[in-house]
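The structure under discussion appears below in the form of structure tokens.
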Amino acid sequence: MASTRCLFTILLGITTYWTLFSLSLGNPGGLFLFPQFYDHTCPQAPAIVKSIVEKAYAKDPRMAASLLRLHFHDCFVKGCDASVLLDTSGTMVSEKRSNPNKDSLRGFEVIDEIKYALENECPQTVSCADIVALAARDSTVLTGGPSWEVPLGRRDSLDASVQGSNNNLPAPNSTLSSIITKFKLQGLDIVDVVALSGAHTIGDTRCASFRQRLYNQSGNGVPDFSLNPAYAAGLRTKCPSSGGDQNLFFLDLVTPFKFDNQYFKNLLVYNGILNSDEVLFTQSAQTMELVKLYAENNELFFEQFAKSMVKMGNISPLTWPMGEIRKICRRVNHH
């Protein structure tokens with residue numbers, strides 16, 4: 001009787017496993033991602049990631065926004081698979097060379113340092129994709145933002161897609177409909193669009209990313225009327241009509257190093273520096289209401305941002321037996 005019960009338990013376990021496995025193959029969100037993934041194989045992993053992110057942030061407060069952006073730019077191209085970290089090699093062109101990434105995406109050395117520490121602690125166990133996801137969460141918390149449990153278990157890609165990076169990432173001068181479409185292709189809805197845009201509460205942008213708003217928004221030599229004239233006048237002093245492309249400006253001019261809902265308050269008074277930010281308030285009644293809601297309620301914004309980050313982190317992950325655990329995040333392993 002006992003042996004029959006034992007056999008039944010084993011069979012039930014196998015059936016459940018294969019049901020989950022078959023479901024996960026058809027589920028781009030990957031059922032096999034869960035926060036406890038490394039509890040037995042590398043329990044120190046989250047603490048190691050956190051300590052190195054803290055050290056990098058103490059040295060350079062801009063790094064928090066950079067690491068958060070790295071996760072976004074990874075997930076929107078082929079899923080959250082660390083393809084964004086790969087250097088150009090042979091016939092493979094790095095995503096670092098794409099228009100959205102060149103001269104602006106940073107934080108790679110911090111990821112290298114984390115990977116080196118983790119390889120010493122537990123060799124070939126923790127993926128680069130999971131490191132990027134954890135670093136994004138830790139960066140948010142360090143700057144005063146919400147925390148969330150990061151589902152883990154992603155594996156690393158064997159290639160990159162510079163074309164995907166050029167095509168899939170919303171540009172700073174995008175229309176709202178273009179932004180919504182690009183998010184929708186990743187399984188993210190309009191609430192995710194507004195909440196995740198709130199990441200621009202920290203970090204910087206370059207003059208080249210918003211210059212057209214100051215001088216020539218629609219190709220007729222006229223500035224963008226949805227940009228506060230007083231704010232625009234100040235921006236012109238450091239962002240000339242030509243030259244100064246790399247000059248940096250805070251995305252949130254009020255609390256640039258604090259993760260809060262000030263970004264949404266800025267949009268209400270037309271102080272969103274990027275076109276892709278201000279259109280959330282000017283081009284749709286639905287997104288306008290969400291902007292107002294988050295401007296009024298920081299707690300609600302934090303709650304939704306955490307949910308949307310988990311959802312974004314679940315975009316088409318590679319799980320076993322696909323992909324690999326890279327030894328060095330910048331290149332694939334030798335096979």
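Each Cβ is built from the backbone N, Cα and C atoms, and glycine gets one as well.
Feature annotations, reproduced from TrEMBL:
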ACT_SITE  His73  active site, proton acceptor
BINDING   Asp74, Val77, Gly79, Asp81, Ser83, Glu95  Ca(2+) 1 binding site
BINDING   Pro170  substrate binding site
BINDING   His200  heme b binding site
BINDING   Thr201, Asp252, Thr255, Asp260  Ca(2+) 2 binding site
DISULFID  Cys42-Cys122  disulfide bond
DISULFID  Cys75-Cys80  disulfide bond
DISULFID  Cys128-Cys329  disulfide bond
DISULFID  Cys207-Cys239  disulfide bond
DOMAIN    32-333  domain 'Plant heme peroxidase family profile'
SITE      Arg69  site 'Transition state stabilizer'
TODO: Out of the recorded positions Cys42, Cys80, Glu95, His200, Cys239, give me the one sitting nearest to Asp252 (Ca(2+) 2 binding site) by CA distance.
DONE: His200
Open item on the list: Please compute the mean pLDDT of the model over the domain 'Plant heme peroxidase family profile' (32-333).
Closed with: 97
TODO: Counting Cβ neighbours within 10 Å across all chains shown, tell me which of the binding-site residues Ser83, Thr255 comes out on top.
DONE: Ser83
- [ ] List the same-chain residues at least 6 positions away in sequence whose Cβ sits under 8 Å from the Cβ of Thr201 (Ca(2+) 2 binding site), in sequence order, or say none.
- [x] Gly145, Leu251, Asp252, Thr255, Lys258, Phe259, Asp260, Asn261, Gln262, Tyr263
Open item on the list: List every residue in the same chain as the residue listed as 'active site, proton acceptor', at least 6 positions away in sequence, whose Cβ is under 8 Å from its Cβ.
Closed with: Val84, Glu95, Pro100, Asn101, Leu105, Ser165, Leu169
Task: Minimum Cα separation from His200 (heme b binding site), reported as the residue among recorded positions Asp74, Val77, Gly79, Cys80, Asp81 that achieves it - done: Asp74
TODO: Compute the mean position of the Cβ atoms of Thr201, Asp252, Thr255, Asp260, which form the recorded Ca(2+) 2 site, and then list in sequence order the other residues of that chain whose Cβ is within 8 Å of it.
DONE: Ile202, Val254, Pro256, Lys258, Phe259, Asn261, Gln262, Tyr263
